[in-house]
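S.K.: After the structure tokens below, expect a handful of questions from me.
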């Protein structure tokens, strides 16, 4: 029996899970076109390896990973590449991103798949295989799984499989655990072996009894004593990485740290399932289970290809006439979709059709009364009201001092605020502004470095040119000085005029010739010295710049990568007034750089 612990804060919103959890997972129909964004996070862009007009097979790689954080992108079905252009992305900014458009042919012809032999493959080979298979976290910001499996600062003792699924309305993980539990357990074993962990803890909220029973049976059938399936109390956000680690292990993860610093690593159940399919069958990540619920005639969960247009997906549920908007994700951490023309991506776990009856308009924002409700509800023990004041005053330095980047944007503070202040939107605004300013600062420093390098190069070239001219002048003067002596040596002087024969020799040794040689040597030495000094100045400036960069602390908390943090608006508070950042700053707050697997 494993002892459970409590995390601080949290709320208990209405779950609304029974609306979509009763029916089994259904396959979504094949759309005519698939739209596959190449943007993986704010800093990661996959590189296309196909051209317009190419025929592709299902599972074929169409974009290669770029950089350590990159993962490959694959064709979800067979067809023809019709375009590589920019198109809408499921993000509040509605900014277009590069994409590949595939016209499907309906044949579903697979490429050659290459599974791995678990018994023979090394951890490095499995990590590389998962990267090439495009495996990312399916419970939060889509953090690359191969990165989380890489050796870290501490040895991993405990692997946590996150099946809490604490966000209201979402049931895709619930149905996945009910129907595919053995595959999830097999994927957990792969992850455990790569990490070298000694135990696996599967945490599931106790409002999913069928999922708990199915996972316990699968663990028992696997006859693996290292795996324990545990029902945890239902309390939002129990599916947050730090909260679930606290509940299962008692370990409190402090500010600026993540679970792996304390020997714990966390993966979502959907990720474990995808890992099993990639290793056992060689299948890349080309589909996922997506919940469709809310103001629709038919709710449920569908196995959907990545790249399916959201507009076509929502038709499966037959939205009602009074539907006014659509949310991607849950009402607490999800975002309002600016356009349903955007595609479903790997992190799209739920689409909610909203209506005024389901999500009534939020009352007007009132002044903060400093009641402290937000601080008591915050699972990270932050002071949301202080963050609010500093964000509203554009005092971003102070906001960072109050650990702005430790906020996981769970929405608990906004949920309990009696003044109906959209606190999370203020925090997202502040993060976006900080990231934007940091980006501008880096660009300015890079431009300054280029300018100084160009000036140093110009000075160096001038010094080198002066040195060359001095040497040329010295050589020319030496030739001119030596030229009169040659005829005198070739023509013997008459015997009757010895004084005339001695004149050239006397001229060659005159003080005037000595002074000219000394001047030439001084000119050359001065030019060489100038060149040496210029090189020293350039080297000093470079060293000073490197030291300044090393001494400057990062503007963001290392626990949260701004490239991975998705800018998302709290669903239940979208209509409240909130500050508006620039499009560029909002664009940087994309899914990628939130804490990895920040929620179930």
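Note: Cβ is positioned from N, Cα and C throughout, glycine not excepted.
Automatic prediction, not curation, is the source of TrEMBL annotations.
Look at TrEMBL and you will find 368, 371, 374, 417 tagged as [4Fe-4S] cluster 1 binding site. Taken from TrEMBL, the feature [4Fe-4S] cluster 2 binding site covers 378, 407, 410, 413. Per TrEMBL, coiled coil is recorded for 446-483. Marked as compositional bias 'Low complexity' by TrEMBL: 546-592. Per TrEMBL, domain '4Fe-4S ferredoxin-type' is recorded for 358-388, 398-427. The region 'Disordered' annotation in TrEMBL covers 483-517, 546-600.
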S.K.: Minimum Cβ neighbour count within 10 Å among the binding-site residues 368, 410: which residue?
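M.R.: Fewest other Cβ atoms within 10 Å, among the binding-site residues 368, 410, is found for 368.
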S.K.: Write down the Cα-Cα distance for residue 413 ([4Fe-4S] cluster 2 binding site) and residue 368 ([4Fe-4S] cluster 1 binding site), rounded and given in Å.
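M.R.: Rounded to a whole number, the Cα-Cα distance is 12 Å.
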S.K.: On a simple 10 Å Cβ count over all chains shown, which one of the binding-site residues 371, 374, 378, 407 is most densely packed?
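M.R.: Highest number of other Cβ atoms within 10 Å: 374.
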S.K.: Excluding 368, 371, 374, 417 themselves, which residues in that chain have a Cβ inside 8 Å of the centre of the Cβ atoms defining the [4Fe-4S] cluster 1 site?
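M.R.: Apart from 368, 371, 374, 417, the close residues are 369, 370, 372, 373, 384, 385, 388, 413, 416, 418, 419, 421, 423.
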S.K.: Under 8 Å between C-beta atoms and at least six apart in sequence, can you list the same-chain neighbours of residue 417 ([4Fe-4S] cluster 1 binding site), or say none if there are none?
M.R.: 373, 374, 423
S.K.: Looking only at Cβ atoms, how many others are within 10 Å of the one on residue 413 ([4Fe-4S] cluster 2 binding site)?
M.R.: 31
S.K.: Helix, strand, coil: count each for the residues of the domain '4Fe-4S ferredoxin-type' (398-427), based on DSSP.
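M.R.: Grouping H, G, I as helix and E, B as strand yields 17 helix, 0 strand, 13 coil.
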S.K.: Within the same chain, and leaving aside 378, 407, 410, 413, name every residue whose CB is within 8 angstroms of the centroid of the CB atoms belonging to the recorded [4Fe-4S] cluster 2 site, in sequence order.
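M.R.: Result: 9, 374, 377, 379, 380, 382, 384, 408, 409, 411, 412, 423, 424, 427.
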